[in-house]
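Database features, via TrEMBL:
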- B:27-92: domain 'DUF202' (DOMAIN)
- B:36-56: transmembrane segment (TRANSMEM)
- B:62-84: transmembrane segment (TRANSMEM)
- B:105-128: transmembrane segment (TRANSMEM)
Amino acid sequence: MSGRDPGLQPERTRLAWRRTTLASTVVAVLAARNALQNGPSAIGLTVCAVSALLWLGFLLVAHHRISTLAATGRPTALAPRHATAAVLYTVALALCATLLVL
Amino acid sequence: MIPFARNVRLWFAPQRIREEGSTPDYRFSLANERTFLAWLRTALALIGGGFAVDQFLPDLRWAWRVGLALALLASGVLCALRAVNHWVRAEQAMRRGEDLPLSRFPTVLSLAVAVVAVAMVVVVIAGWEG
């Protein structure tokens with residue numbers, strides 16, 4: 001590795017993952033708030049638990065990627081299954097939202 | 001739709017992408033990854049918008065509220081799926097040394113968001129009067 005990367009690319013990518021995690025946190029909190037709005041119900045609690053799990057899954061993917069980017073000077077490209085996992089968590093959150101809206 | 005189905009297999013298989021072409025400068029891959037994440041945030045924002053319509057416009061008629069919320073949620077899902085698909089295509093193009101894929105999706109999404117926004121303004125104003 002030749003000195004520091006002038007574009008700070010890994011750093012910027014790490015921060016992009018952090019921003020995205022933050023966005024998914026907002027959505028998960030909105031889901032929980034929406035689910036428990038009318039007092040605790042079976043569906044409400046289930047949706048709340050599922051969105052908490054989805055958020056946790058997203059957090060794990062992001063954390064894994066952030067530590068990979070931080071560990072190596074010349075990081076490898078994102079693995080497609082991690083990208084797909086992040087997208088599927090997002091889609092599942094949207095499905096939770098659909099359940100709540102209907 | 002066939003190329004899309006072929007790409008779906010690539011979503012899950014890291015080794016298949018690496019089978020062809022040569023690895024580009026890691027900075028290009030990271031830039032592609034950040035673009036993917038930006039689209040994913042857009043998708044999350046649309047999903048959050050769906051929640052917000054449902055939650056903060058309770059006086060709206062049921063059909064309008066659910067219709068607007070579902071439109072936002074559906075566009076969020078589309079945006080997320082398209083994000084990973086576009087990321088795979090860009091990654092492949094860079095490995096093969098081809099031009100990056102063009103896409104009409106940003107235009108379509110902008111128009112859809114504009115339509116939903118106008119509908120929301122109309123519905124809220126009509127709701128106040130009625």
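Yeah, the Cβs are placed from backbone N, Cα and C, and that goes for glycine too.
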Could you give the residue numbers and ranges of same-chain residues that sit at least 6 residues beyond the transmembrane segment (B:105-128) on either side and whose C-beta is under 8 angstroms from one of its C-beta atoms?
42, 46, 53, 57, 59-61, 64, 68, 71-72, 75, 78-79, 82, 86
Can you count helix, strand and coil residues in the domain 'DUF202' (B:27-92) using DSSP?
61 helix, 0 strand, 5 coil
